[in-house]
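Trainee: Straight out of TrEMBL:
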TRANSMEM  47-72  transmembrane segment
DOMAIN    65-314  domain 'G-protein coupled receptors family 1 profile'
TRANSMEM  84-103  transmembrane segment
TRANSMEM  123-144  transmembrane segment
TRANSMEM  165-187  transmembrane segment
TRANSMEM  224-250  transmembrane segment
TRANSMEM  262-285  transmembrane segment
TRANSMEM  297-316  transmembrane segment
Amino acid sequence: MFHKANSNMEICHSFAALKANKYTHVENCSSSVSKFILLGFPYTWEIRILCFSVFSGTYILTLIGNLCIICAVRCDHQLQTPMYILLANFSFLEIWFITSTVPNMLANFLSETNTISFSGCFLQFYFFFSMGTTETLFLSAMAFDRYLAICRPLHYPTVMTVPRCIRMGACCWLCGFLYFLLPIYLISQLPFCCLSKIDHFLCDPGPLIKLSCVPAPVTEVICAIYNSVLIFSTLLCITSSYTLVIRAVFRVPSAEGRQKAFSTCGSHLSVVSLFYGSIMVVYVSPTAGNPVGIQKYVTLFYSVLTPLFNPLIYSLRNKEMKEALRKLFKTVRFRQRPGRNL
């Protein structure tokens with residue numbers, strides 16, 4: 001009887017010791033994690049050099065393309081209208097959106113360690129998601145602007161003035177940088193395991209939550225709610241606006257008017273399809289059904305390639321923008337002539 005009681009006491013002490021060791025280990029690990037390892041794309045050295053060259057070129061082209069749109073809107077007075085002011089803001093946003101991830105990814109292609117500090121990881125997380133949130137808000141604002149211009153043409157000059165457009169853009173920036181503060185704070189407070197390897201090329205919430213030493217269902221649910229509310233509310237606004245726009249375009253009597261409206265709206269819809277199609281695969285569909293490799297490549301598409309496509313889409317499908325870019329290039333070439341001041 002006493003022997004059985006002693007055995008039970010020993011078992012209880014053993015479980016208590018294991019539990020204490022577990023929480024001590026968690027506490028020690030969470031307090032000692034000062035950096036993460038981004039696994040990125042574990043290719044051979046030759047392929048990594050090739051990737052570095054390709055993405056360096058992509059980054060430079062993205063910067064040039066979006067800067068050209070900003071300069072065209074700034075220099076051409078005919079483009080200083082609400083639609084193009086929003087577009088210039090969108091291009092400025094794309095420059096910083098790609099800058100939040102690509103320089104670090106390029107450095108990791110040439111590095112053997114691929115480490116990022118704890119603060120650097122969460123700064124990248126904050127800026128990347130803030131830029132992405134701001135992008136969804138700007139796409140919604142641009143869709144609303146096209147709705148007013150095509151469906152309410154008589155009220156458009158009084159409703160969508162330049163000062164009001166600037167205030168709308170400022171609201172997009174402010175709300176975009178405030179929206180994800182709570183999820184980022186909650187994830188940063190999780191106790192992370194000692195082997196802090198992130199199977200991604202950037203600090204993304206899914207891989208970060210998986211590194212937690214303890215389950216975090218509340219944080220996961222909050223992140224999912226934030227993602228879903230943002231994506232579906234802005235997507236509903238965009239699709240509603242363009243549905244009304246398309247209905248109004250079919251009522252336009254002249255073929256030239258319909259073609260101009262479709263050209264402008266078609267470029268917007270192309271950008272919306274590229275961006276929303278990719279982020280919904282990563283952040284809305286169940287993560288259990290998406291292999292990590294697919295998530296990385298889809299994230300690479302919308303974070304690196306979409307900012308490259310946007311200047312091409314807007315410049316190739318918009319006659320006013322093409323004309324403004326032509327004038328801009330002529331001005332630059334004229335200023336570069338060696339004998340023009342002689």
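The count begins at 1 with the first shown residue.
Any Cβ shown, glycine's included, is placed from N, Cα and C.
TrEMBL labels come from automatic prediction, so no person has curated them.
Model, not experiment: these values are computed from the prediction.
Could you place the listed features in the three-dimensional structure?
Mentor: Long-range contacts of the transmembrane segment (47-72) within the same chain, counting only residues at least 6 positions beyond its ends with a Cβ under 8 Å from a Cβ of the stretch, are 41, 79, 87-88, 91-92, 94-95, 98, 102-103, 105-106, 109-110, 304-305, 307-308, 310-312, 314-315, 321, 324-325, 327-328.
The average pLDDT for the domain 'G-protein coupled receptors family 1 profile' (65-314) in the predicted structure is 88.
Within the chain carrying the transmembrane segment (123-144), a Cβ under 8 angstroms from the stretch's Cβ atoms is held by residues 83, 86-87, 89-90, 93-94, 96-97, 100-101, 104, 116, 168-169, 171-173, 175-177, 179-181, 184, 187, 202-205, 208, 230-231, 234, 237-238, 241-242, 268, 271-272, 275, 279, 303, all 6 or more beyond its ends.
Sequence-distant contacts of the transmembrane segment (224-250) (same chain, six or more residues past either end, CB-CB distance under 8 Å): 133, 136-137, 139-140, 143-144, 146-147, 150-151, 179-180, 182-183, 258, 261-262, 265, 268-269, 272, 276, 279-280, 283-284.
Long-range contacts of the transmembrane segment (262-285) within its own chain (CB-CB distance under 8 A, at least 6 residues past either end) are made by residues 83, 132, 135-136, 139, 142-143, 146, 150, 227-228, 231, 235, 238, 242, 245-246, 249, 294-295, 298-299, 301-302, 306, 309-310, 313-314, 317-319.
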